[in-house]
């Protein structure tokens, strides 16, 4: 197997061109790209032009998941898949997801340049909406593709304007039967995703590559706290039932439960807080906040979630406020396929890169792809472990190492 | 002096008509009416039509403060003023402010009906923007009218879109020299405002009228907490500098400092919290929150504000986040004029209403009018002490008692 012939300059220029397709008020490299917006559609159009230029055949499913295929000599054999997402949360960075999509494309092009002829077809997937920004749940594309989400689950999602998933996807031009999104279990013989680590380990250890052996189990929930509003001047402190003061105590409790838990890997985040009515001189009557909770150990994650709910209930009772909670998702962890881990490790070795096996604490579309295909992931370092921020950064050299590792891994898996 | 001839049905119908001019997604009686919006302009137009129908002459100053005048026999003598505001915070009630404007108009009409001829002119003022919703500071109209705010202070205000006060007021059609807004100190011989109590005292004691002897000292501030963002899955708990967790601890500290303070009248409210980037799977990197702090005792209020800032600084240091704070306003309390208190008490007595003297914990345009005129306020009960909510409510009988008390008080002060 010849070394893949990378054009890192082309890939970097494509990453920057994609970053410029953004609805963020800040300039690139800070990026906002929310699913099914004009910006998302523009990004998809750009990607499709690149696929076409590479001679790949493109299929788009009923919710916009996009498959760009390089046909192998055995067209009917299960394909080797790669890919990631191109949507970006508000004020995000330019590498999260995109390195796996454009890097997946460049991996294929780098193999094409060597004259390599795959037996199995190679496919780059651009998953619709890995980020939960618009519909409150992450990975709606791969969830549905894997069958973890049914069409009915999709139809129950609504965005902040109250528009449901179906209305929004059809307005964006994605039509067809939602039940056609689910892939058969023999669609891919292997699925391997390239991604920035979104954590500090690889950089701290000065390693080029992380070969992922498992993906931590994520859960998200929404809590609505209802107290009693009123004029900030008119209601004395002892008789208040301030929903924000209650929420503040709950947020503190969530943090403490995560810090004090015996698992060092558990992380809890309250990323959204919305106050009603939200006026400087009004006592908050209602606060909605979200919880993102993850652990490598699924049952421990669930135990902490239960402890959080119990603590929130106690605080609500004590403060004379009410609350409701809704689990948005609580997914099991996923384990990588040994054959893919071995192929990636071989690729790293033959390319002379340094690496370690590691856990993915962030979750990815691969968490769901693991339900219908042998799964693996390849991580590259990112500066300071920073992600979901405008200063998210990986060097061209780090990206090149990841892409050539991906290319060799896919080539081995395709034979 | 004859008893004022009230038309409470007309007044109630006008209050309801005004409530229907709202930009709130919920239906009336829940109201949102933000200064210098189309809705505000529509409300002003409606009021002006009522003033005209009552034969009052109308003057509008450079920032939209509106004066409707019933000329007295001594046109050059300082007038007797009344009035309040018609802007409403998001999801507010329909009585806050409006009872003082439309009730002020009805007080004049009720005197006109008796054939009363005032010596001094009587004026109803509709103050621009008592609420701090748009520009972050309350009473920008009366602040400027009283000289507490200079034109330069006004020019430094911006709304959430970044538009400054001057741009917004001129776009709304209010033009002219900002320095012309300040009134001379002999403009009013007395200023007396009718308002719902926005607290529970009068209702609890089953009293018709509260004669206000002093207005508590309000302060508002904004705090910006800057921590470190990142992916909710990627950064382990011990190395986080989560701005929302820090803010939650600060909000708890603010609540405790207010509860534990020796003054039973001190109230502290965090009414707005804004998270950046505000995504379910992103660690908050920046949180902006507001503080509304009031006490009848000005120096105690200032001491608590200092204690809050010191506590916030300690929490920030402990958590490895930074903060900046900005005092938006810190006004001294105001004392009512004895002559006005006496006139209101006489009016209550001759009308056979029950009453008490009391403090206003909420602040009002009268706080600033006290700087340029002898000031007084008349309170009526509101159900449960509730204000700044859609279910804010006073009965027609309670409103009628307030309006006739106001009318008699003004009549006495006008002679």
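Even glycines carry a Cβ here, placed using N, Cα and C.
As the structure is a computational prediction, the values presented were derived from the model and not from experiment.
Annotated Zn(2+) 1-binding residues in TrEMBL are B:85, B:195, and among B:96, B:177, B:208 the one listed with them is B:96. Record check: TrEMBL places B:96, B:388 at the Zn(2+) 2 site, and the matching candidate among B:52, B:131, B:338 is B:131. On the backbone, the CA of residue B:96 (Zn(2+) 1 binding site) and the CA of residue B:388 (Zn(2+) 2 binding site) stand 7 Å apart. Here residue B:388 (Zn(2+) 2 binding site) is positioned 13 angstrom away from residue B:195 (Zn(2+) 1 binding site), judged by their C-alpha atoms. For the pair formed by residue B:85 (Zn(2+) 1 binding site) and residue B:131 (Zn(2+) 2 binding site), distance between Cα atoms is given as 8 Å, rounded to the nearest Å. With a 10 A radius on its CB, residue B:96 (Zn(2+) 1 binding site) counts 28 other CB atoms from all the protein chains. The Zn(2+) 1 site is defined by B:85, B:96, B:195, and by the 8 Å test on Cβ atoms against their centroid, the other residues of the chain that qualify are B:84, B:95, B:97, B:98, B:99, B:100, B:130, B:196, B:364. Under a cutoff of 8 A between CB atoms, and with a sequence separation of 6+ in the same chain, the neighbours of residue B:388 (Zn(2+) 2 binding site) are B:89, B:92, B:93, B:96, B:198. Around residue B:131 (Zn(2+) 2 binding site), the C-beta neighbours below 8 angstroms that are at least 6 residues distant in the chain are B:34, B:35, B:85, B:87, B:88, B:89, B:92, B:138.
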